[in-house]
Structures are given as C-alpha cells and as structure tokens.
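Following: one structure in structure tokens, then a few remarks.
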C-alpha cells in the first residue's frame with residue numbers, strides 16, 4: 001500500500017522531486033475534501049458566497065497581527081534582560097530608570113534581536129508562500145478554486161495554534177520561525193486573496209461587476225480587520241496574549257468548516273477519463289502543473305506575455321518591499337521616539353485598515369468615471385510608497401497616524 005504511492009504505471013519511481021511530492025499532497029487533500037463532501041451528513045445546498053470567508057479571515061488575522069511583534073518583543077526582553085517587561089500608559093517606560101544605566105541599551109538590543117527575528121520569519125514565510133501561490137493558483141484552474149482558499153486557512157490555523165501553544169506553555173520563542181515556514185507551505189494571504197478574487201471572477205459577468213465586487217471585498221476586509229485591530233490593545237491589557245490567540249483559532253476553525261462543507265465550487269471537475277474539458281490530454285503529477293504554467297505563456301500573444309512577465313515582477317518586488325516595511329512598523333512604534341502602548345498600536349493598525357472604505361469609494365468613483373485599472377494600481381503603489389516614507393521619518397504620534405493612513409489608503 002505504501003509503495004504504490006511511489007509508483008507510476010506499475011513501475012517504481014525513486015527520484016521524486018520536492019515539487020512532485022508537494023503536488024501529490026495537494027491532489028490528495030483536494031480529493032479528500034471532495035470525497036468528504038460527497039458523504040457529508042450536512043445535506044444542504046452549497047452557497048456561491050465567499051464574502052463570509054473573507055470577513056471572518058480578516059477579523060481573525062488582525063485579531064493577532066498587531067500582537068505578534070509585541071509578544072516577540074516582550075519575550076526577548078525577558079530573555080535578554082532577565083526582568084519583567086515594563087508596562088505603562090505613557091512614554092515613561094522608554095525613559096532611563098535610576099536603577100539601571102543600561103536601560104537604553106536594553107531597548108536597542110531587544111529591538112535589534114526582534115528585527116532579526118522578524119527578518120528570518122518573513123523570509124522563511126514569504127519566499128515559500130510566493131512559490132506555493134503560483135503552484136496553487138495554476139492548479140486551481142483545473143482542480144478548483146476552493147483548494148486555494150482551504151489550504152491557506154489550514155496554514156493560518158497552524159500558525160495561530162503554534163502561537164497559542166508557545167504563549168500558553170512559554171516555549172522557546174524561536175519555534176515560531178519554524179511555524180511561519182510550515183504555514184507558508186500551505187500558502188499565505190496572497191494565495192487566499194488570489195483564490196477568493198478568482199472565485200469572484202468566475203461568478204461575475206463583466207469587468208465592471210467584477211471590479212465593484214472585489215472593491216466591496218476590500219472594504220469588508222478593512223472594516224472587520226480595523227475592528228479587530230482596535231480590540232487587540234484592550235484585549236491584551238485585560239486578558240493577556242492567550243485569549244486573543246484562542247479566539248482567533250476558534251474563528252479560523254469556523255471559517256474552515258464553512259469553506260469545506262458550505263462553499264460551492266465554481267470550476268468544473270476535470271474528467272477522470274484521461275482528457276480535460278477542452279479536449280487536451282490530462283498529464284499526471286508535476287507535468288500537468290508545469291504544462292498549465294507553460295500554457296499561460298504559450299497561448300498568449302507577445303504583448304500578453306510581456307504584460308504577464310511585468311505583472312509577476314511587479315507583484316514580487318512590491319510584496320517584498322511592502323511586507324519587509326510593514327513588519328517593522330510595530331517595532332518602531334514600541335521604542336523611542338514614539339513609545340506607543342498596546343492601545344495606540346491597536347488604533348494605528350486599525351487606522352491603516354479602516355481606510356479600505358476610502359479605497360472602496362475611490363475605486364468605485366474611478367471605475368464609474370472610466371479611469372483605467374492600470375492607473376488605479378499605480379495610484380495604490382504610490383500611496384504605499386509615500387506612506388512608508390512618512391512612517392520612516394515620523395517623530396510624533398500625529399505624523400505616524402498620517403503615515404499609516406497613507407500606507408494603505410489606496411491599497
């Protein structure tokens with residue numbers, strides 16, 4: 001039974017690549033989901049409604065997103081200084097105390113270690129996530145959109161439960177880096193949003209309807225993530241780190257159940273008789289996936305190939321720049337000259353997300369006026385760039401709030 005998993009046409013295959021193993025894992029999970037739905041006791045009508053998944057995902061993610069860097073910072077503070085992290089309602093915790101002349105050096109050392117922790121975590125999660133996103137999205141054209149939604153949900157649940165375990169049992173904080181890599185093997189937020197937007201695109205009749213519905217999803221993400229971010233500071237002060245992580249994990253379990261058992265599939269299943277819906281031969285394993293990726297460029301014109309290549313370069317470079325910059329914002333807010341509390345950090349995170357409402361209104365107005373989508377994308381990139389510049393030189397709370405507002409105002 002175990003050897004048959006490594007056979008093809010009755011012949012044993014020894015040299016199996018990592019991508020082939022990953023592809024087989026994807027197909028097995030996809031087949032398991034579909035078989036589980038066939039024998040599910042929940043005999044109910046499927047819904048073509050992905051918005052509840054996006055809404056709860058945004059709420060559960062931003063319920064812990066502002067807390068991740070704060071938790072790592074406090075744990076590293078305890079390890080490096082052998083003292084309890086100073087909690088205060090004002091900036092007095094950043095001021096040097098009389099009992100310790102190395103107070104400022106402690107802050108610098110902890111910030112340095114926390115930034116290195118963030119670097120390792122982001123690199124080990126972003127790089128695999130981008131690769132997995134490409135593989136899953138290409139597979140979804142044949143295997144269905146739901147796999148690109150369910151897989152990132154599983155990865156996020158693994159990441160959240162690991163945080164809860166490390167926080168509750170006070171395990172080594174560097175275990176979280178391994179958790180970031182493991183969760184990235186299931187995809188990331190780009191995989192999830194790409195799958196959700198592709199799901200919406202399958203249901204829309206024209207470009208205008210598609211743009212407006214996607215902008216509505218953007219607005220939903222901003223409102224619910226902003227509500228979650230505001231509550232994180234008060235949640236942390238009242239109950240500590242464990243309860244927000246537990247609440248987020250429970251929400252993600254609910255999302256996963258909805259996506260598996262209730263959400264309908266928009267892509268027809270590829271026939272099992274050796275041919276696809278378009279009459280082309282069905283290729284097994286990794287060759288089918290590579291063939292799907294090659295067909296994207298093979299069937300396109302020279303102009304489309306150039307546009308696709310540029311889009312991939314822009315997406316990759318923008319993701320690295322944006323993720324790398326936004327991950328350090330909380331560390332900057334915790335130290336001089338801002339010295340924000342958990343309450344202000346929550347409000348700052350909420351401000352950078354609730355402006356998705358402005359994004360929805362802006363995209364709707366631009367679409368109604370006939371502005372090209374490319375120009376809207378350029379405005380979003382310029383907005384993020386200007387926000388990062390303002391955050392980099394922010395010395396006051398007001399300027400920091402303005403920078404975070406600009407950071408996502410057209411994103």
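From the backbone N, Cα and C atoms, a Cβ is placed for every residue, glycine too.
Per TrEMBL, transmembrane segment is recorded for 47-68 (among others).
Here the transmembrane segment (117-137) has long-range neighbours at 19, 22-23, 26, 69, 72, 76, 147-148, 151, 173-174, 176-177, 180-181, 183-188, 190-191, 194-195, 198, 289, 293, 316, 319-320, 323-324, 327-328, 331, meaning same-chain residues at least 6 beyond its ends whose C-beta is under 8 angstroms from one of its own. Annotation comment: TrEMBL describes 117-137 (among others) as transmembrane segment.
Tertiary proximity for the transmembrane segment (149-169) is limited to same-chain residues at least six positions away from its ends with a CB under 8 Å from its CB atoms, namely 26, 29, 33, 50, 53, 57, 60-61, 64, 68, 71, 132, 136, 175-176, 179-180, 182-189, 191-192, 195-196, 199, 241-242, 245-246, 248-249, 252-253, 255-256, 259-260, 263. Per TrEMBL, transmembrane segment is recorded for 149-169 (among others).
Counting residues 6+ beyond its ends, the transmembrane segment (175-200) has Cβ neighbours under 8 Å at 22, 50, 53-54, 57, 61, 72, 117, 120-122, 124-130, 132-133, 136-137, 140, 145-149, 151-156, 158-159, 162-163, 166, 210, 213-214, 217, 266, 319 in the same chain. Look at TrEMBL and you will find 175-200 (among others) tagged as transmembrane segment.
Per TrEMBL, the feature transmembrane segment maps to 212-235 (among others). If one looks beyond the transmembrane segment (212-235) by at least 6 residues along the same chain, the residues whose Cβ comes under 8 Å of a Cβ in the stretch are 51, 54-56, 58-67, 196-197, 200, 204, 243-244, 247, 341-347, 349-351, 353-357, 359-360, 363-364, 367, 408.
What TrEMBL lists as transmembrane segment is 241-264 (among others). Cβ atoms under 8 Å from those of the transmembrane segment (241-264) belong to residues 33, 36-37, 40, 42, 44, 46-50, 52-53, 56-57, 59-61, 63-64, 67, 71, 146, 149-150, 153-154, 156-157, 160-161, 163-164, 167-168, 232, 235 of the same chain, restricted to positions at least 6 beyond its ends.
Under the heading transmembrane segment, TrEMBL lists 308-332 (among others).
Annotation source TrEMBL lists transmembrane segment at 344-368 (among others).
Per TrEMBL, the feature transmembrane segment maps to 374-402 (among others).
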Chain residues in Cβ proximity to the transmembrane segment (308-332) (below 8 Å; excluding those fewer than six residues from its ends, i.e. six or more beyond): 66, 68-70, 73, 111, 114-115, 118, 122, 126, 130, 190, 296-297, 300, 338, 345, 348, 381, 384, 388, 391, 404, 407
